[in-house]
Amino acid sequence: MSSSNRINYLTFFVNGKMIIEHDAQPEWTLLWYLRTSWPTPTLNSNLEDFNSDGWYTLFLMTITKCRLTGSKLGCGEGGCGACTVLISHYDSKSEKIVHRAINGCLASICCVDGCHITTVEGINSIQSDSLHPIQERIAELYGSQCGFCTPGIVMSLYGTLNNIENPTMQDIEDSFDGNLCRCTGYRPILDAAKTFACDKKPKVNQPSDCSNSRDENINTIISTTEDKLLQYVDIKCPALEFPPSLLHHKTQSIHIKGITLFTISNEHCFVDESKSAEWYRPVTLVELVSLKNQYPTAKIVSGNTMVQIDRKFKNKNYPILIGVSHIQELNTMEKLENGMIIGAGITIAKLKEYLKLWLKTLSTHQISTCHALLNQLNSFGSEQIRNVATIGGNIIHGSSISSLNPILQACNAKLKLIKHSTNEQCEIALRNFFLRNNNVDMERDEILLSVYIPFTEKYEYLQSYKQSRRRKFDSPIVSCGFQVKLEQIQFQIDGFVPEFKWKIQSVCLSFGGIASSIVIMNKTQDYLKDKPWCKQTMKDALKYLLDELTLNESTPGGQAEYRRTLVASFFFKFYLYVKEQLQKTYPDTVVDEISSNELSAIKTYVRDLSRGEQEFQSKPISNQIVGSSSVHNSAYLHATGEAKYTCDIPTPSDGLYSALVLSTQPYAKIVSIDKTKAEELPGFKAFISHLDVPGCRMTGDVVNDEEVFPSSIVYCVGTVIGLVVADNETDAQYASKLIDIKYECLKPLIITIDQAIEQQSYLGPELSLQFGNLEQGFQESEHLLTGEFYIGGQEHFYLETNCCLAIPHEHGELELHVSTQNATGVQEKVAAALGIPSNKIVVHVKRIGGGFGGKDSIRHIRLCIAISIAALKLKRPVRLTLDRNVDMLISGQNHPFKSLYKVGFTSSGLLKALDIVLYSNGGWSQDYSAPIMERALLHCDNVYNFKNLKCYGR
């Protein structure tokens, strides 16, 4: 298709309002577009005269009217669900409206042409006559606390209720596997959501040890999940009103020429053509092939789940992007007699849907393929990810920790490719496709069209396994796909009745998570071929398998021994699974006996539905307030997305943006700081360092033992060395990476608690607590137990990252909008660093999206100090909003501990004496380490009554 036939704009709806966007840019995410309002210059403008704000007065200005801040940016990588929105489109093939809950932080704005986007504000608001039932029930059943995650939770449920006419409680639970809540807890959220379930019913009382021992007090009130569900009779959710005009939306080829890298100021108009991005959306395979031939290095995208992560966290640049979501050949599925053809553009959610349907039509020996695939697909990503991620994208990405690719290899799947240079099609076995270091055996002029997955044949068995830190939405530690095809052979011994046994005809053992690519254990497979299928064969094969593993302590991800154990465990489970199937299907054949204990290992874990039960005392009429449940004061604002957080406050029109410059060395001397390259960026305004601190350069929590900005020595990776200020957030972050810092590494480098003990490196004085007679207590003890244990650190993991807006006023006054737990501390520490009285600083904290101690200490307050210095120096408002990875890098953790203990006790279990030494990793400065150690010493005996105790802490 010629370029003249391509349109250069997008047509879509947001909350029922039609938008024709002529200035969309490929780098924009959907979430950024929905939340942001800013002016955009067009390419046909005359770049000569600029007004006082740096924008040419004759520009055609496009002001994004959305400013919908209900959807939140929590992680920026599709992991928390705070950004969830509903995207709907009309599928002409099925003649249905398709609704998908997706992550707005990953989706490109260029993907939404012809779609209707619904945000939490589009459901209803507190200004309307009535709230949406979802919003009401989330609020009334106490489903929000800080409220930052609530809009995403509301939208995930809204998507499920619009997609499934009569959702079950299981359907509703599954819809939240991509949503995190750090403070509320999931019980009240699920209670509220399940009020829409079609299968809710009263609790059936079942006697148990717990219920039998309960105190039957008439004043005791027991509230259960079932009680809450039955409070609501209506389970129907008002349907989404889909714009009628989108039913007739014409799908056209699109070309979006990106101009996001224009940086315009009073002095310069800067365009970096080498990094400008373009977006093409072909609508036919012929057009796709032509585009790929024209741009061989172009990145083909569909769900955009990995492209956005590559850009954000790996600094990858994709000048040409080709969206393939509207190409029919990539979006077809067909069930054949012996297998199925899956288009490369088929989403994981759609694949799951079809596999479940096809299971009902397949013969008994063919269903293993569907079961093994569904076993992995059910825990693949989250609901939001599955709705956009495609099977082709998963394969081409070639991840070494993929949970789907090993089972596809075990299936002996075949890939159909087309060469755009010659238009020829070819087929390649997936077993030969994955190369080292996440590479694939695919030429630059090839495009993946489809995947052929054969069904299992008679005497063929297939199974998949995966172990991760949580059951859903987590990268596997080890994943695998196993296939074996057996051959029935007959033995006749000394004229007796012939016996039938099994011989291995072919086998495939594919693993993810144990090397730099998906690997097949060829040596083990060669050994197994033609061997009898028995326990002894499996034992011998396991030796080959473990020898073939390349795992060692330097393996990325570590846990070498644990992974080896998982490999052995999965291999044995597969043997047991096949044995069980043989016994069921062919009971006359000879197989090893399997004990009931062994059979328990192959049972698929099925998590029961969540439910809760609360027991509390009824209140007298005279005391109905204290101890009673009340709806959160902001619950309805949380559920409608109208609750405003610091990150939702608009930046003033003359506002600037900032980004941190962080240390990349753990203990080093700063030799030089070169900001020349950053200063060359037209949007650059200033680099703030220790030289700009007008007041006290030392700060801290309990003790002022660290510099606001280090002048010579950095003590850890992530130390805030300085702050870059620029016209916009993109320029600020880009400029921060251009600050060139030279280091001289110092010694000793202390990383662990054991290294600190060895080097006698301690913060503050030792602390101790003692009472009773320790020696006497040990003498009276019949048993002594000594040991040591470690308790790892814990991330604070508030969903709203650190955010601060500093606005300077007359007479050196300063207004701060901060997401903080310590407004007084912010005021005092900022005043000290600026060298001004505290009463000149006003700190506003409307609400925070979680804190858990992470927004209390000097780690957080230093950020406020940094932008306050910048705001007063430049006499303009300055904003700082941290990305999740930066926030976790600089905020530290709850303290890791090492404990050495000696405890004495009697044979009856009576504790007589405890001698315990506690070491905590307090980092390089005191912070709150001393109070934390005091608390640890005072709580180390927990609820136990030690008459003789000695505690020591450093």
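Each residue's number is its place along the chain shown, starting with 1.
Note: Cβ is positioned from N, Cα and C throughout, glycine not excepted.
All annotation found in TrEMBL is predicted automatically rather than curated by experts.
Copied over from TrEMBL:
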BINDING   CYS75, CYS80, CYS83, CYS105  [2Fe-2S] cluster 1 binding site
BINDING   CYS146, CYS149, CYS181, CYS183  [2Fe-2S] cluster 2 binding site
BINDING   ILE300, VAL301, SER302, GLY303, ASN304, THR305, MET306, VAL307, PHE380, LEU448, LYS466  FAD binding site
BINDING   ARG935  substrate binding site
DOMAIN    272-458  domain 'FAD-binding PCMH-type'
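Here the features listed in TrEMBL are placed on the structure.
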residue : record                          : Cβ neighbours (10 Å)
CYS75   : [2Fe-2S] cluster 1 binding site : 22
CYS83   : [2Fe-2S] cluster 1 binding site : 29
CYS105  : [2Fe-2S] cluster 1 binding site : 28
CYS146  : [2Fe-2S] cluster 2 binding site : 24
CYS183  : [2Fe-2S] cluster 2 binding site : 16
ILE300  : FAD binding site                : 22
SER302  : FAD binding site                : 25
MET306  : FAD binding site                : 20
LYS466  : FAD binding site                : 25
ARG935  : substrate binding site          : 12
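Same-chain residues with CB within 8 A of the center of the CYS146, CYS149, CYS181, CYS183 CB atoms, the [2Fe-2S] cluster 2 site residues themselves not counted, are SER144, GLN145, GLY147, PHE148, THR150, LEU180, ARG182, THR184, LEU799, GLY849, GLY850. Between CYS80 ([2Fe-2S] cluster 1 binding site) and MET306 (FAD binding site), the C-alpha separation comes to 16 Å. The binding-site residues shown are CYS75, CYS146, CYS149; of these, the one with its CA atom nearest the CA of SER302 (FAD binding site) is CYS75. Restricting the average to the domain 'FAD-binding PCMH-type' (272-458) gives a pLDDT of 93.
There are 29 other Cβ atoms within 10 Å of the Cβ belonging to CYS149 ([2Fe-2S] cluster 2 binding site). ASN304 (FAD binding site) sits 16 Å from CYS75 ([2Fe-2S] cluster 1 binding site), taking the C-alpha atoms as the reference points.
With respect to CYS146 ([2Fe-2S] cluster 2 binding site), the closest of these binding-site residues in Cα terms is CYS83, chosen from CYS83, CYS105, ILE300, PHE380, LYS466. Each of LEU31, LYS72, LEU73, GLY74, GLY76, GLU77, GLY78, GLY79, GLY81, ALA82, ASN103, GLY104, GLY152, ARG884 belongs to the same chain as CYS75, CYS80, CYS83, CYS105, is absent from that list, and has a C-beta within 8 angstroms of the C-beta centroid marking the [2Fe-2S] cluster 1 site. CYS75 ([2Fe-2S] cluster 1 binding site) sits 11 Å from CYS149 ([2Fe-2S] cluster 2 binding site), taking the C-alpha atoms as the reference points. A distance of 12 Å separates the Cα atom of MET306 (FAD binding site) from that of CYS105 ([2Fe-2S] cluster 1 binding site). In sequence order, CYS149, ILE153, ILE189 are the residues of the chain that are 6 or more apart from CYS181 ([2Fe-2S] cluster 2 binding site) and have a CB within less than 8 Å of its CB. Separating the Cα atoms of PHE380 (FAD binding site) and CYS183 ([2Fe-2S] cluster 2 binding site) is a whole-number distance of 25 Å. A 10 Å cutoff on Cβ-Cβ distances gives PHE380 (FAD binding site) a total of 22 other Cβ atoms nearby, all chains included. Closest to CYS183 ([2Fe-2S] cluster 2 binding site) by Cα-Cα distance, out of the binding-site residues ILE300, LYS466, ARG935, is ARG935. Across the structure, ARG935 (substrate binding site) and CYS105 ([2Fe-2S] cluster 1 binding site) place their CA atoms 40 angstrom apart. Calculated from their C-alpha atoms, the gap between CYS105 ([2Fe-2S] cluster 1 binding site) and LYS466 (FAD binding site) amounts to 28 Å.
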